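Novice: Copying in the features that TrEMBL gives for the protein in this structure:
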REPEAT    17-54  repeat 'WD'
REPEAT    64-104  repeat 'WD'
REPEAT    190-231  repeat 'WD'
REPEAT    232-273  repeat 'WD'
REPEAT    284-305  repeat 'WD'
Amino acid sequence: QIFLWDPATGNQIGRVLAGHSKWITCLCWEPLHINPECRYLASASKDGSIRIWDTLMGRCDKILTSHTQSVTCVKWGGDGLLYSSSQDRTIKVWRSQDGVLCRTLQGHAHWVNTMALSTDYVLRTGAFEPAEATINPQDVSGSLAELKHKAQQRYDQVRGQEPERLVSGSDDFTLFLWRPAEDKKPMERMTGHQALINQVLFSPDTRIIASASFDKSVKLWDGRTGKYLTSLRGHVSAVYQIAWSADSRLLVSGSSDSTLKVWDAKTKKLAIDLPGHADEVKYWSPDGQRVASGGKDKCLRIWRR
């Protein structure tokens, strides 16, 4: 089941979205610059399907079925394409408008755990410009048309003349860099990790890809070519999650060693060590000036830059 909530009041909105037969693994909203109403939501599930929901009407609009095993991640790209990764070792590219399967990306030898788009950050922030934010950013004001226009401008600036790039990480210890809108063959096969890859992320400026692994390291790669840059070592246990600061200067990693570490992207060295959690650190994400971390110790911590 999927529940919609009003973040201002904490109250549930509309009806419960039900239809998946197994647990839901990932959720992704339609980008603001495509539809400023933000009414459509994509969900991926252990049942092997992707569903597109009309959240205003409270119904399932499309069901995308082609994966043969659990879908691990879904991304809604800025050019109207949906990307889904699966334990069937493939990544599928769908046309969100009509649900048509465009192509299947093959290459991984084991489960595909995680994906990231070069445009992820600008899609996530939409019409909101982090550089103009105060300590407590207020909601962006303006008509839907104005918000759509600003989000489109920001997206076009980040995307540039090239199509979106996609990076995928797998249990086979490798990453692949793709141009999924144009080619089903990978641009680069990225090797070096000695254990499964938990998460991959493009920096907001798209220049660097970071990958987190059970091998206790974070690796950095060139965002355009996929070439290896360096390894960030300091954790003494598996690295679960990573997040970039809004200005792409800092990278934070969270580990089962109960610490977070802040890395300087320019010097490629440890900037700050953030101990404090009593157990594994698993789920967190950055907002321009702060980081929120949550761990198995049942505590949520907010850290200031």
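In case you wondered, yes, glycine gets a Cβ from its N, Cα and C as well.
Just so it is clear, the model here is predicted, and its values are computed rather than measured.
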Novice: State the residues, same chain only, that lie 6 or more residues beyond the ends of the repeat 'WD' (190-231) and have a CB under 8 A from a CB inside it; answer 'none' if no residue qualifies.
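Specialist: Apart from its flanks, the repeat 'WD' (190-231) reaches 110, 113-122, 158, 165, 167-177, 237-244, 246-248, 251, 253, 255, 263, 265, 268.
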Novice: In the predicted model, what is the mean pLDDT computed over the repeat 'WD' (17-54)?
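Specialist: Here the mean pLDDT over the repeat 'WD' (17-54) amounts to 96.
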Novice: Could you put numbers on the helix, strand and coil content of the repeat 'WD' (232-273), residue by residue per DSSP?
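Specialist: Looking at the repeat 'WD' (232-273) with DSSP, the answer is 0 helix, 24 strand, 18 coil.
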